[in-house]
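Handing you this structure, nothing more for now.
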Amino acid sequence: MAEAGLFLAYAAIGTMAVAPIYFGSFSSLDRLKSAASKSKTSEKGHFAEFSDSEDEDEESEAVTAEDAYMFPVYGSAALFSMYVIFKYLNKDWVNFLLSGYFALLGVAALTQLGVRVVKGVTGVKLPLYHLNLVHHSKSVFDLRFTNLHLGMMGASMLCTACYVYTKNWAVSNLFGLAFSFSAIILIRLDSFKSGMIMLAGLFVYDIFWVFGTEVMVSVAKNFDAPIKVVFPKNLFPAEGKLAFTMLGLGDIVVPGIFVALCLRFDRQRYLSSIGYAKDKALPRVLNNKHRGFGFPTPYFNACMAAYVAGLATTITVMHTFKAAQPALLYLSPACILAVIVTAVARGEVSAVFSYSEETKKDEDESAESAKEKTKSEDKAPVVHRYNLRNQGPASGAGLMTPASAGELADDEQENVKPPRVLDEKVNPISEISDDGSEEAAAPATPVKGKKGKKSGSKAKAKK
């Protein structure tokens, strides 16, 4: 009976680990937008009307190679700090403060998870409300919500109150799943290189803190907050006290964002094969298809299978030796090797390692810089071209300078035919030139008069 309960716990832990990775990976796919649709939206200048609009995609945080190198350092600092806090301070008060902090995060995470589940199951389309705060023509706060968000927020608050009051393990798992799901959606690796660096670094991190010290296990046992998923080894213990098997959220989120990267790479490969480009419109039916299951996913399937195999290996070793195991010891090599082996088998090694993603934030920054560049070009001074003495641009007289403005005034006095102005605008340089400015501003009038006098004197001589 005890063995059966233990295997049930292992199966439940495995399911709770795989579910947020699988569904979070597909939710991390952006809805495809063409440049035409983006410009059309910007021209309208108003907010989206319904909750399933294309501009509802959430802004994600990109993890670069530099960030990946620092993951083990930051993680070690945070882990050791928590160990010291629990060792020298009252852990009841520490857990009370942490419970309040995670309760606020849990309301947001559960609300978002509930909205996605309801919309995914029912396909409901609700009016979208916007709360926007603008300062100096720039948006500093933008909140978008529907009636469904308000309803799910109320339910999330009830769950949070239940967790804070009872510390029920099932409600704690609900928060853990919501945190994992949201993290996989919001945190994105910008390339496979960054992902492999992160997995390799945390591989060493996990081994050191689990096998080398008691820090990891001690913090996991004392930290009474939804940072892990747990399940009782026996639902009906004879002693009356439940004993749990657990898995940290880091063992779900870290491989999960790498699996999500594989899925986005699969879709990008497929879109490139059908000739999709950002400047071309994509039919809505095809758009929904590419956000779901309508394209081949060899890298995602391989990495997902490797994660399941690595997790099964972790549980088997833990059950055999009756000791805690660092899950990333098995999960990190499994995920990395799955991608490399698949790339070698398909002959796409260079494509895998050259792949990189541009986040929504990067796109916005690129668009903003292009807009600023356009503005600066529009503000550039107008250059008026002249053809002095019928000389071409190659002779060096193509551009009017302060010197050429002075020469123009002298030439008028010598009865030289004035240059032909190709632009009706007056050159600012001619307005601030010395005493020939007035003549340069309107050169045609005095020249015509001189020509008239000259022709008149010639007529008298003939007579």
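Every residue gets a Cβ built from N, Cα and C, even glycine.
If you look up TrEMBL, you'll see 6-24, 68-86, 98-118, 148-166, 172-189, 196-220, 240-263, 299-321, 327-345 marked as transmembrane segment. Feature annotation from TrEMBL assigns region 'Disordered' to 355-463. According to TrEMBL, the feature compositional bias 'Basic and acidic residues' maps to 357-381, 414-426. Among the features that TrEMBL reports, compositional bias 'Basic residues' is placed at 448-463.
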Residues of the same chain, at least six outside the transmembrane segment (148-166), with any C-beta under 8 angstroms of its C-beta?
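For the transmembrane segment (148-166), the sequence-distant neighbours (Cβ-Cβ under 8 Å, at least 6 residues beyond its ends) are 51, 99-100, 103, 106-108, 110-111, 114-115, 118-119, 124, 126, 172, 174-175, 226.
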Look at every Cβ pair spanning the transmembrane segment (196-220) and the transmembrane segment (68-86), keep those 6 or more apart in sequence, and say whether at least 3 of them are under 8 Å.
yes
Which sequence positions outside the transmembrane segment (240-263), separated from its termini by at least 6 residues, show Cβ-Cβ distances below 8 Å to it?
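Counting only partners 6 or more residues beyond its ends, the transmembrane segment (240-263) has Cβ contacts under 8 Å with 6, 9-10, 13, 16-17, 20-21, 24-26, 28-29, 63, 75, 169, 176, 179-180, 183-184, 187-189, 192, 195, 198-199, 202, 220, 227-234, 297, 299-300, 302-304, 307, 310, 327-328, 331-332, 335, 339, 357.
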Report, as numbers and ranges, which residues of the same chain sit near the transmembrane segment (299-321): CB under 8 Å and 6 or more residues beyond its ends.
6, 10, 13-14, 17-18, 21-22, 25, 255, 258-259, 262-263, 265-266, 327, 329-331, 333-335, 337-339, 341-343, 352
